[in-house]
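Some features that TrEMBL has for this protein:
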DOMAIN    21-256  domain 'Sulfotransferase'
ACT_SITE  LYS30  active site, for sulfotransferase activity
BINDING   LYS30, GLY31, GLY32, THR33, ARG34, ARG111, SER119, LYS236, GLY237, ARG238, THR239, HIS240  3'-phosphoadenylyl sulfate binding site
DISULFID  CYS219-CYS231  disulfide bond
Amino acid sequence: GGAGTAGTLALLLGEGSKRLPQAIIIGVKKGGTRALLEFLRVHPDVRAVGAEPHFFDRNYERGLAWYRELMPRTLEGQITMEKTPSYFVTKEAPARISSMSKGTKLIVVVRDPVTRAISDYTQTLSKKPDIPTFESLTFKNRTTGLIDTSWSAIQIGIYAKHLENWLLHFPIGQILFVSGERLIRDPAGELGRVQDFLGLKRIITDKHFYFNKTKGFPCLKKAEGSSKPHCLGKTKGRTHPDIDQEVVQRLRDFYRPFNMKFYQMTGQDFGWD
């Protein structure tokens, strides 16, 4: 059940208890994870940590009690969630999450690996304007056209490879793959799938969204706990630099077999090719 008036009062009185998350958004970086979390928090039965805890990758030595302390208080029937997109590419994360609870529901927001890589680069560029060009970072050797798969911007997008690691610890049915593209085109439709997966009533519908033409993003008519409309922050929807089309094509060709494998593994065609 949801939090009614008595429930809201109980939360205000500091009742409810901190629980380890039953669901985690585990990836991917620059896929649309912040948008998904902000949209999900509109649901009265979802309680989420705002900041990325990075527990299963960087803070694991601090222990589960430390992790649980970060969680918001929840009432019976509410779901505790967190998101840390780097989990998806962290070798140890699947085993660690599984040892917390084999039943943890996992959500991965994926996006065309080429645009994801460019978005990743754009984010880094905004912090360090003097980094080398995207093109020069893409290749080990531009002449031979050998792609540098050790560069994290490229590495992260090899979804099939990372997923194999998760499937050693979790059944595929316990992982939901959300399309980052559809999340922008049809937020209510994607949110419907997410609510079903989490066993939540479909409360978030297209009534909750409006499309902001300037940003090119859907925004919430009312954010969680507020009556004001809410769009994602300034760092979201940055303009990407123009990348040499030949390099983009090279990357498309590079990712294609991995994308096909990923479509097979997930039983979903994300339409990136």
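Even glycines carry a Cβ here, placed using N, Cα and C.
Just so you know, TrEMBL annotations are computer predictions that nobody has curated.
Within 10 Å of the residue listed as 'active site, for sulfotransferase activity', judged by CA to CA distance, lie the following recorded positions from the set SER119, CYS219, CYS231, THR239: SER119. All protein chains included, CYS231 (disulfide bond) registers 18 other Cβ atoms within 10 Å of its own Cβ. Around ARG34 (3'-phosphoadenylyl sulfate binding site), the same-chain residues at least 6 positions away in sequence with a Cβ under 8 Å from its Cβ are LYS83, LEU232, LYS236. If you count neighbouring Cβ atoms within 10 Å for each of the binding-site residues SER119, THR239, the highest count belongs to SER119. All protein chains considered, the CB of GLY32 (3'-phosphoadenylyl sulfate binding site) has 28 other CB atoms within 10 Å. Put simply, of the binding-site residues GLY32, SER119, GLY237, THR239, the one whose Cα is nearest the Cα of CYS231 (disulfide bond) is GLY237.
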